[in-house]
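Sequence annotations record features per position, and here TrEMBL assigns domain 'Major facilitator superfamily (MFS) profile' to 21-507. Taken from TrEMBL, the feature transmembrane segment covers 21-46, 66-89, 101-120, 126-144, 165-193, 221-240, 311-335, 355-376, 388-407, 413-436, 448-471, 483-502.
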Amino acid sequence: MALKVLWALDVAKTQYYHFKAIIIAGMGLFTDSYDLFCIPLVMKMIGRIYYPKIHRDVDQKKWFEVPTGIASTMICVSLMGAVIGQLVFGRLGDRVGRRRVYGISLVMMVVASIGCGLSLSKLTPMVFVSLGFFRFLLGVGIGGDYPLSATIMAEFANKQTRGAFIAGVFSMQGFGILLSSLVFMTVCFIFQASADGHNLTTPLELAPSVDIAPVPPESDLAWRIILMLGAIPASMTFYWRMTMPETARFTALVEKNTSQAAKDIGKVMNVPQSTIQEDVEMINTPNTHAAFSNTYPFFSREFLRRHGRDLIAASINWFLIDIVFYSLNLFQYHVFSGHLIPKSQMNIYKDALQIARLQALIAICATIPGYILTVYMIDHIGRVKIQAVGFFFMAISLFAIAKVNMSGDHTDLFIILYGFTFFFSNFGPNTTTFIVPAELFPARFRATCHGISGAVGKVGAITGSIGYMWASRDPPNGLGVSHTLMVMGGVCGLGFFVTYFFTRETRGRSLEENENTDEFTGVCFVRFWPHKFWTRRNEVKGFGLLEMN
């Protein structure tokens, strides 16, 4: 039995609060990406400050590098926190309500962003211990924001433009990546302009007997400011998050209070109360109670029969895309190492600036356009098609990049193909893996299942980040960049397979329709096959009956 309070949401025209909800939820993703993707740039500066020794007997590309173990820990500790945050906050979102825990994740991000810029002392071990602790705390807040933002936006949206609204929330990630680069460049320009020219000597200008490259003492403040500025966009939406109502679907379907759900909708959206009054009056009737009788517990046999395939498919797809997406984003300077000016010719600020420029270029030309096209097309094309096409062209691009890099022909073609990879990741699985888990599952499990899918994805990000850092090293210590890119191309090929055969389309249907699967869901695990098999069987039976008659 469809509740009219939910029907009213599904058919509501796009209005002001939809866009406000996109900003409220999207600012969390904006902050997430700023904090997650500014760390590679920060690690470049930290390497110059805390590891200034010049190793003239090794390749200049390896000068001032933070040891691989420490660098991978600093990058992955926030991802490990995100795994915990997605699981814990996802479950809390279903148990106590989305809004009640939404502000907690935001406070954690604000506090941790400020804490990342602080340390107990300037001793190298203490700097990394302090940074690691607050990065982990930041990751927990970021992880909690994922399932809550996706679920809140999905439950407020109408069914015709729901995909675009959720994609709009996630597209803020692209602008966060761009802002991290722009803030980094701005801070470096300011510090460079105000620095004493004598303190900005390049290693090439030093005497051969000098084995330490000095840096301006104030440069230790620059990276701290960059990290702490990440608290600003998150704090801007704190008031909105604390005053927004609970989603009507949680109130009606989980708390079973349709009267309160109707009041909450009336506070924020232009929905006539008369269109939902019938359900308020019928809340205590036997028919209404029957509508709430589907109470199988989480991870029960019935849950696995109905939703096991969808949960596994969503988790695997997210795992596969994050292996590739985070590897390419966090280690762009490794991929572009053949295009960078040697460190011996750069001071600390210019060395970091060239990486920030490349990251901003990719964000403007590829990442953000991919997000925007997804927002525009997802409710016309569908989630599965966009995800499958994205995985397919990512695989093609990565194989082509590997071939170009292997030939040693470092031309503009390399950068163009690299940009195509990012474009099709965002006009593809990086966005759709965020959307689909928010649409497939019942309201009482929605945030939990999204959190599980995202947590598995972040495990993929950890796997990819650590794997790329070690595998991309030159043989015999690693596979080299080219072979590593080919492996990632194979990962995208596997993602295409999982998407095509196991992922259900959710376009144009209400959330309640999406959670109801056909009777053959538990018969065969592979998408399409049961439907085609039984359709053909019924056609044969019908043809046989006609012949008998």
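Placement of Cβ uses the backbone N, Cα and C atoms for every residue, glycine included.
Sequence-distant residue pairs (6 or more apart) of the transmembrane segment (483-502) and the transmembrane segment (388-407) include at least 3 whose Cβ atoms are under 8 Å, placing the two stretches in contact. Per-residue pLDDT, averaged over the domain 'Major facilitator superfamily (MFS) profile' (21-507), rounds to 86. Put simply, of 21-46, 221-240, 355-376, 388-407, 448-471, the stretch with the most CB pairs closer than 8 A to the transmembrane segment (66-89) is 448-471.
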